[in-house]
Amino acid sequence: MKPPVSMDHTWGTQTLQSQSISGTEWTSWSKSQGSVFVRIHAPWQVLAREAEFLKIKVPTKKMYEIKAGGSIAKKFSAILQTLSSPLQPRVPEHSNNRMKNLSYPFSREKMYLYNIQEKDTFFDNATRSRIVHEILKRTACSRANNTMGINSLIANNIYEAAYPLHDGEYDSPGDDMNDRKLLYQEWARYGVFYKFQPIDLIRKYFGEKIGLYFAWLGLYTSFLIPSSVIGVIVFLYGCATIEEDIPSKEMCDHQNAFTMCPLCDKSCDYWNLSSACGTARASHLFDNPATVFFSIFMALWATMFLENWKRLQMRLGYFWDLTGIEEEEEHSRPEYETKVREKLLKESGKSVVQKLDANSPVDDEDDEDKLTWKDRFPGYLMNFASILFMIALTFSIVFGVIVYRITTAAALSLSKATRSNVRATVTATAVIINLVVILILDEIYGAVAKWLTKIEVPKTEQTFEERLILKAFLLKFVNAYSPIFYVAFFKGRFVGRPGSYVYVFDGYRMEEAKPAWSDVSVLPLLQCAPGGCLMELCIQLSIIMLGKQLIQNNIFEIGVPKLKKLFRKLKDETEPGESDPDHSKRPEQWDLDYSLEPYTGLTPEYMEMIIQFGFVTLFVASFPLAPVFALLNNVIEVRLDAKKFVTELRRPDAVRTKDIGIWFDILSGIGKFSVIINAFVIAVTSDFIPRLVYQYSYSHNGTLHGFVNHTLSFFNVSQLKEGTQPENSQFDQEVQFCRFKDYREPPWAPNPYEFSKQYWSVLSARLAFVIIFQHQDGHSEGERVDSGELVSTCDLMYHTTQPSLTIHISSLIRQNLVMFLSVLVDWMIPDIPTDISDQIKKEKSLLVDFFLKEEHEKVKLADEPTQRSQGGGDRSRRSRAASSAPSGRSQPGSIASSGSQHTNV
């Protein structure tokens with residue numbers, strides 16, 4: 001039988017069986033289903049000893065006022081406090097935040113420094129849980145092969161679980177209040193979604209690591225508000241200017257009569273460009289000049305968010321006494337100990353029986369890694385091969401969806417009943433398949449990343465967690481964004497041209513559609529529409545983002561834990577156990593907590609938000625409403641995670657940390673990568689650059705009139721390959737030339753169908769924009785590059801030779817524009833707030849004065865008995881001298897005695 005271990009530090013119990021683990025006391029008893037619980041309690045002596053060993057900061061007697069700055073800052077703070085009072089949670093931590101205790105690492109020799117009123121409540125429950133967990137982690141078990149710590153015992157199936165107890169029930173009737181119930185009422189309910197989070201109470205109950213996660217999530221959610229507002233404004237700008245968009249007007253004008261080339265062989269007829277009017281108008285909602293502004297804004301937004309998080313992290317570190325904490329010594333993982341033991345036994349040549357009976361512990365005193373690169377080489381090789389295989393699998397699935405769209409479109413086009421709905425059917429089913437595959441692979445990749453990290457055999461839990469995070473993020477990033485990258489940068493770019501299409505699978509045109517044309521427009525399925533690929537990129541991004549948030553992040557998080565809890569409850573009820581006379585009584589807290597879901601870490605929570613952060617920043621140029629949907633999701637996500645931690649999970653061990661670790665580096669990397677991605681989306685995927693080039697280089701009146709005709713090339717239909725001409729064409733007029741979207745020379749040119757001058761001009765402008773979007777030119781201060789200068793420079797770049805082209809690029813682009821602005825924002829916003837920096841300096845000065853004062857009081861108290869004794873000796877000496885003045889032989893002895901007494905004291 002594998003008993004669970006519960007750590008209880010709030011009340012004492014009568015022990016049925018007492019033992020000692022580093023001074024702790026534990027009791028055990030069985031319940032009706034047969035499970036045995038071991039409840040551990042740490043007395044004051046153990047808490048004091050371990051608090052000194054762990055250098056835990058505790059409040060001293062000295063309190064001081066936290067100044068809010070100048071008078072203007074005080075007034076502004078008071079106004080904000082008044083306005084936000086309805087949004088503040090009603091918890092004690094928010095009642096008085098103007099006073100703070102000086103903190104100092106606990107020391108048993110300096111007990112007089114601390115305000116110890118009651119020893120039972122001096123250390124809060126999270127600190128007591130942390131102390132007991134640290135004891136359990138480094139306690140060796142002689143009966144289990146000298147296994148080090150409770151984690152090793154759990155890994156070896158000696159114990160089933162170890163967890164601290166919740167403070168009580170969160171939904172108990174009555175007015176009795178505990179921290180868990182308070183968190184539920186003021187934080188973990190959807191009805192209080194409009195209130196701020198009680199971060200201090202979260203930290204007090206769950207520890208600093210979980211407190212920092214919810215603080216980061218709250219800041220991220222609040223920062224989504226301004227980006228959502230700007231995104232909605234950009235979208236509304238597109239809606240307001242849709243009637244003024246000249247290219248879409250030209251496409252919708254039936255008088256232009258642009259006769260387009262067939263979209264597939266044989267079964268596709270010629271068609272009018274005006275049939276794509278709806279898609280062109282819809283594309284303008286997301287493909288307009290405001291998109292460029294929004295992309296730059298989001299790049300700066302990401303930098304502002306990260307800088308403000310660093311400031312908030314420092315502020316919380318100050319109030320939570322995390323400044324200056326040292327990294328705690330981590331013990332080796334059980335798997336690492338086992339691997340080292342096997343290596344040592346193998347080198348010593350012991351037999352299998354000796355291996356099983358070996359009880360020599362693994363020396364963990366030194367930090368040297370006992371496993372060399374040769375020992376880990378098979379694991380590293382397996383990691384490299386597996387990750388490459390998983391990435392290739394993801395790309396193969398994307399290609400498989402492409403094949404599905406090609407074959408399904410071809411099959412549906414054969415039937416007259418399904419021809420009219422080919423595009424809608426194939427597009428909808430393909431996106432749904434993409435979403436389902438992403439959700440399935442997400443779960444698989446999470447398990448694979450954990451398995452790959454295990455075979456690496458990291459030494460400590462922190463190293464294990466960091467490597468797991470990197471692998472899981474890499475696989476899930478590729479899984480989530482590969483379909484979007486395909487649509488943004490690859491779709492429709494390898495189809496060829498009329499008369500020279502790219503064919504795959506024995507006659508299927510690459511990325512072709514085979515619809516039948518009627519009065520209703522049906523556009524290509526896997527080829528960019530005349531309005532560009534940005535609209536389809538928007539659809540793909542929105543469906544994947546919303547699908548992941550709705551299905552994976554919410555339904556899975558709500559439904560799966562409830563199903564597991566129900567299954568565990570049914571399993572406990574069906575298991576035969578000893579009859580318990582107290583079974584009909586109200587269950588104890590350890591029994592209730594055991595039925596909850598085990599806590600598995602914050603990696604899934606962070607990963608969910610990091611992937612969403614990528615959706616918000618990487619392709620925001622194609623979907624300005626992404627921050628809005630992220631904000632709506634996060635408002636629910638905060639309360640969903642809160643409810644899960646308070647009501648559905650066992651209480652986690654309190655972990656003390658001063659930052660969010662490797663997650664900040666990942667966020668910073670995504671923020672920098674988003675600048676490059678959005679530059680390419682605007683330059684390559686949208687029509688922003690082609691319109692700019694036409695307006696300033698080729699337009700006769702400086703407007704976009706004639707832009708659509710400029711982007712369409714001519715093709716002589718007599719040059720279509722045999723067997724590819726439209727069968728039974730029902731087009732109104734005889735077609736001699738058809739049009740297709742590309743920049744190529746006309747059939748009557750000396751080099752027909754070669755890339756034209758316009759193509760190279762647009763390509764140069766796109767490359768220049770990508771660089772200028774990230775770089776600022778070397779003009780003098782006060783100058784800036786306008787659109788006309790950009791186009792004229794690109795036109796000049798086209799006419800020059802290659803060396804001159806390089807010179808023009810290097811002279812045009814010297815410094816990073818968006819990156820420069822990001823660095824400027826980073827420089828302007830200090831990582832440590834000025835008031836916190838001043839308070840830290842003030843606290844150090846107050847701490848020194850407090851020490852000197854307390855030491856002086858201690859010396860003064862120690863000298864008082866001596867002074868009283870010395871004063872009594874003087875009075876006795878004077879009385880004896882007055883009574884027996886002629887004889888003074890006894891006085892030296894009295895003085896010596898007094899001196900001896902003073903020395904002893």
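Including glycine, each Cβ sits where the backbone N, Cα and C put it.
According to TrEMBL, the feature compositional bias 'Low complexity' maps to 881-894. The feature compositional bias 'Polar residues' is assigned by TrEMBL to 895-905. Residues annotated as domain 'Anoctamin dimerisation' in TrEMBL: 30-199. Per TrEMBL, domain 'Anoctamin transmembrane' is recorded for 202-775. Residues annotated as region 'Disordered' in TrEMBL: 861-905. The transmembrane segment feature in TrEMBL is assigned to 213-237, 290-306, 380-406, 426-448, 468-489, 609-632, 660-684.
Note on the transmembrane segment (660-684): residues 212-213, 216, 291-292, 295, 298-299, 302-303, 306, 309, 313, 465-466, 469-470, 473, 488-489, 534, 537, 606, 610, 613-614, 617-622, 766-767, 769-770, 773-774, 818-819, 822 of its chain, located 6 or more positions outside it, place their CB under 8 angstroms from a CB of the stretch. Tallying C-beta pairs under 8 angstroms between the transmembrane segment (609-632) and each of 213-237, 380-406, 426-448, 468-489 places 213-237 first. Summarised as a single figure, the pLDDT of the domain 'Anoctamin dimerisation' (30-199) averages 80. For the transmembrane segment (213-237), same-chain residues at least 6 beyond its ends with a Cβ under 8 Å from one of its own Cβ atoms are 196-197, 199, 202, 285-286, 288, 290-291, 293-294, 297-298, 301, 304-305, 308-309, 312-313, 316, 602, 605-606, 609, 613, 616, 620, 624-628, 630-631, 634-635, 637-638, 641-642, 660.
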